[in-house]
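These notes concern the structure reproduced below.
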Amino acid sequence: MEVKLQVLVMLAMALSLFSAASAEPGLAVYHDPKYYPAACAGFNMENSGVMIAGVREELWNGGRACGRMLRVRCTKPANLFPNPCKGGVITVKVVDFCRQPCNGVINLSRDAFARIANLDAGKVWVDYS
């Protein structure tokens, strides 16, 4: 029984390393409502809500990012604002393209950003997958 428990613990540790390694770092910012209309056709407040994001060209992939779900976690400050991260992970739906000048790889809705970071920070480093 003890050997099975050790194997299970080691497997869980290995899986957690894999998921952490598959996350990408990037800068996240937020924007205030009005979120719609968005670049992704067919997405609106009724079917997408406010846990949404726009993404920059490297994630946009010619529009194929529309509807993609991203898991986002605040990791550290991106400016002098102290301790902006609140902890936890959010899931957002990509519904928009963040055109230049886009100050982050991910442009979260105000509601989404507020769940993982202090709004006064304005921008934070995140891991996303």
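Heads up, the Cβ atoms here are built off N, Cα and C, so glycines get one too.
Unlike curated entries, TrEMBL annotations are predicted automatically.
Taken straight from TrEMBL:
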type: SIGNAL; residues: 1-23; note: signal peptide
type: DOMAIN; residues: 37-129; note: domain 'Expansin-like EG45'
Checklist entry - Can you tell me the mean pLDDT for the domain 'Expansin-like EG45' (37-129)? => result 94
Item to check | the domain 'Expansin-like EG45' (37-129): DSSP-derived helix, strand, coil residue counts | outcome: 21 helix, 33 strand, 39 coil
